[in-house]
Amino acid sequence: MTDLKASSLRALKLMDLTTLNDDDTNEKVIALCHQAKTPVGNTAAICIYPRFIPIARKTLKEQGTPDIRIATVTNFPHGNDDIDIALAETRAAIAYGADEVDVVFPYRALIAGNEQVGFDLVKACKDACAAANVLLKVIIETGELKEEALIRKASEISIKAGADFIKTSTGKVPVNATPESARIMMEVIRDMGVSKTVGFKPAGGVRTAEDAQKFLAIADELFGADWADSRHYRFGASSLLASLLKALGHGDGKSASSY
């Protein structure tokens, strides 16, 4: 197996196959569930809006892939600093049956100098998730934070507040995951000594098998080749799947999605 084939198979099994569009429908989510079951293995999860969780759960069970996890988003995509709303949305997502919640960090508050609200918001959501055995990923929106110091700070605050994963981006801003921001965030995981318990998720902008290979190489360099399993690494993407499947000898690499 070539290096690109090997990394593509790894990446496919680490994907949170995503649809987070305003025009999402039950039919589109059902199609996403079908796509998550591939000829070479299943994606780790799907990521959808909360209202679609019940139909996704039913579809995944019916197609014989109940182990594909269901992730959803809260405080999304703007990362407002209203803790009560973020917590209410997170509790609602848990009630819908989410296995994982990707909450947006109040990044604009951090840019304005307020570190406390980010900690408090993540901690409140973490407490709700922990009580329900739900995984919490925190989206820090690196493309809006821009500066290394802010990316580092948001990562540190999120981890201290209990994040199970730190995630680069919503996919809804001009700049999403980059290798540079990925390295900074994974260096924080390393430097804080939390690589056993905290994972990393690049999202948005990882579109090709070659992109995925680059992002995995950074993880392998920092943590060794065994670290990036589905408990420690995910790709938030949709168009990536077609490229990975093409690299693995399935399909033409074309995707209907841009995330």
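Glycine residues also receive a Cβ, built from the backbone N, Cα and C atoms like all the rest.
Here Swiss-Prot flags ASP102 (among others) as active site, proton donor/acceptor, drawing on sequence analysis. In this view, ASP102 (active site, proton donor/acceptor) is surrounded by 28 other Cβ atoms within 10 Å of its Cβ, with every protein chain counted. Secondary structure from DSSP puts ASP102 (active site, proton donor/acceptor) in a beta strand.
Summarising the annotation, Swiss-Prot assigns active site, schiff-base intermediate with acetaldehyde to LYS167. There are 28 other Cβ atoms within 10 Å of the Cβ belonging to LYS167 (active site, schiff-base intermediate with acetaldehyde).
Every protein chain shown contributes to the tally, and the Cβ of LYS201 (active site, proton donor/acceptor) ends up with 28 other Cβ atoms within 10 Å. Taken from Swiss-Prot, the feature active site, proton donor/acceptor covers LYS201 (among others), and the record attributes it to sequence analysis.
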